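What TrEMBL lists as transmembrane segment is 6-27. Per TrEMBL, region 'Disordered' is recorded for 33-53. Residues annotated as compositional bias 'Pro residues' in TrEMBL: 37-47. According to TrEMBL, the GTP binding site annotation covers 193-200, 275-279, 337-340. Taken from TrEMBL, the feature domain 'SRP54-type proteins GTP-binding' applies to 358-371.
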Amino acid sequence: MDITLLIILVAVVGVLAVVGLVVGLVAGRGRGGAQLPPAPSAPPAPAAPSTEDAVLDDVAPAAPAPVAVEEPPARVLDTPEPTASRMVRLRQRLAGSQNALGRGLLALLSRDRLDEDTWESLEDVLLTADIGVAPTQELVERLRTRLRVEGAAASDVRAVLREELTTLLEPEMDRRLQVTGADGLPGVVLVVGVNGAGKTTTVGKIARIMVAQDRTVALGAADTFRAAAVDQLATWGERVGVEVVRGPEGGDPASVAFEAVKSGVERGLDTIIVDTAGRLQNKQGLMDELGKVKRVVEKQAPVTEVLLVLDATTGQNGLIQARVFSEVVDVTGIVLTKLDGSAKGGIVVAVQRELGVPVKLVGLGEGPDDLAPFDPGAFVDALLG
Ligand SMILES: Nc1nc2c(ncn2[C@@H]2O[C@H](COP(=O)(O)OP(=O)(O)OP(=O)(O)O)[C@@H](O)[C@H]2O)c(=O)[nH]1
């Protein structure tokens, strides 16, 4: 009996131990053991139609949605601003950036007494505006003579100043862009200048002016040195539907220029504008590169215009660059960019004097139509306010 009791007791203890182990294991899983992958969730039940849907469904019973094959939208080309309205806007902008100079000069000349101090101050204002030493002295001399003879009080100081400043800008210079070729060939415009002066932007802006004048144009992206410059030019071209001839990155600029002009000749275009690389590593390198571009292009058609792009904000540095480029290529016109960001409009005088070449265009902003022909009279009017 004792033994039977003992066996029953051992059996009960054993069963209890097994049950305890199983319960412990299950609880352990729940606290941090290996997680089972979540059961796949059932697909969401379709949402009940909202009242609005229901109303729409009432009006138009659901039909199977047609598979829409969307045509890419046709590219809408920009319409470049015509020259006349562009001039008005740019004149206002020019007046904004330059009238400190004009006002400064007028205030000095309107003093009751024009003594030595006044003339010296006048010289300082002119030199600060980057007009250059020789033109400053000339202008002061002429003003002194005229205002002494005519009498400052009696004369219209503004009119005298306007006349003398305009004379300084050599208004008789021919500022027309030579964009038309002879004998049925296209005009070829080479655009040169150091990187960052605004060359590529200027090429794009000139193309827009020509498109606005119904001329047929192609662009040559011969600034193969910087891939971004080529892409930048391509974007300018695309916007007005002008073809851009480009070569491989780091390729030979002369061959791109050649291809651009060749294509222009074959297609009978009016003008080809070639953007060049302006690395000023040394004069010889620059001369070799630009010389080659010009030689190669002229196998197809003569270059009709070489435009040097200068950043107006660089002052004396710009003049040094101008000198180097003019020794390397025959510059026929100057484009002065960023006049909107400079109070030193006097650079126009200095650079024309330095090169004996007219400023033909001025850049007055980053906008696509912020480029205008340079007009000495309008420039002085903007200056004097
Ligand atoms: N405010 C102002 N910015 C200008 C003007 N012209 C060009 N720029 C800006 O100057 C910068 C340089 O212009 P780019 O046309 O790239 O100069 P780039 O000489 O071709 O230089 P690379 O492409 O490096 O050869 C750009 O940010 C232009 O938007 C201008 O008349 N006014």
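For all residues, glycine too, the Cβ spot is worked out from N, Cα and C.
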In sequence order, those binding-site residues of Gly196, Lys199, Thr276, Arg279 whose CB lies under 6 Å from ligand 1: Gly196, Lys199
Integer mean pLDDT for the domain 'SRP54-type proteins GTP-binding' (358-371): 92
Local backbone state of Lys199 (GTP binding site), from DSSP in three classes: helix
Most crowded position, judged by CB atoms within 10 A, among Gly193, Gly196 as binding-site residues: Gly193
Site with most surrounding Cβ atoms, counting all protein chains shown within 10 Å, from the binding-site residues Lys199, Arg279: Lys199
Helix, strand and coil residues within the domain 'SRP54-type proteins GTP-binding' (358-371) as assigned by DSSP: 0 helix, 6 strand, 8 coil
Cβ packing number for Thr276 (GTP binding site), 10 Å threshold: 28
